[in-house]
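As written in TrEMBL, here are the features:
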- 244-277: repeat 'TPR' (REPEAT)
């Protein structure tokens with residue numbers, strides 16, 4: 001069953017933070033989250049006086065203990081440990097995702113949104129972060145209305161060095177429910193750093209190209225009138241690349257499918273990327289009109305007309321709204 005400390009904690013293994021961590025990981029995999037957390041705590045105590053030399057190992061232990069707290073529903077303890085882990089090693093994927101999940105469970109949707117978005121800056125391929133952003137966007141839209149973004153805490157900018165750090169070798173194991181890490185990564189040498197940077201650029205280019213192809217497939221489906229299937233293509237594309245035109249295209253599909261709230265959400269995302277985007281303003285105005293939020297619809301049309309005063313479709317819609 002793997003090495004575990006004796007009841008008295010006097011074995012040589014008990015004096016080794018690495019052995020305690022491995023024993024904690026084994027308990028975690030067996031579903032014994034309380035015992036796992038206690039083993040991680042003992043390992044952390046052994047490293048209390050190690051200072052910066054053990055910062056990375058302490059960060060891993062805190063993130064592992066946070067996973068135990070999350071499994072046991074102790075969300076505030078999870079948040080505290082994740083914050084401690086991130087103080088030691090900023091922009092770690094696992095503590096970001098676990099803290100986001102804990103905030104979400106506590107209905108602190110704004111804080112959860114920030115952590116999920118930060119995680120996506122670190123690695124845009126993490127599905128758990130994409131799903132979390134979508135859930136939080138809907139929750140915040142329902143809670144605070146269309147201006148929900150104005151109430152968000154600031155989202156930190158992740159430096160490229162942090163993106164490279166977590167991009168090798170696999171992002172698939174960095175979800176909020178993944179087993180704890182067995183050991184921290186060592187600092188790469190110059191050659192491995194160059195390799196990591198090249199790999200990061202290659203992945204980014206491949207993701208952008210795949211996103212473009214998916215958007216084109218969606219556009220072809222729209223021409224054929226298959227809006228439901230087009231939404232699927234646009235959604236896949238947006239997971240890889242946050243593109244203004246893809247958001248407005250998907251919003252058009254949502255309008256056709258009478259999913260007006262989703263159309264509003266997509267146009268809002270597009271306007272975050274391009275605040276004067278005419279298509280986003282017009283389509284959000286259409287969606288607001290169908291939702292009978294005439295005031296918001298008029299506001300969007302007036303914003304559009306500041307950019308294109310002679311836009312006939314917008315002028316026609318404004319006349320309809322004035323009669324509503």
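A Cβ is built for glycine as well, from the same backbone N, Cα and C atoms used for every other residue.
Since this is a predicted model, take the numbers as computed values, not measurements.
Residues of the same chain lying 6 or more positions beyond the ends of the repeat 'TPR' (244-277) and with a Cβ under 8 Å from any Cβ of it are 137-138, 141, 146, 149, 211, 215, 218-219, 222, 227-228, 230-231, 234-235, 237-238, 283-284, 286-288, 290-291, 303, 307.
Here the repeat 'TPR' (244-277) is broken down by DSSP into helix, strand and coil counts: 27 helix, 0 strand, 7 coil. When pLDDT values are averaged over the repeat 'TPR' (244-277), the model yields 94.
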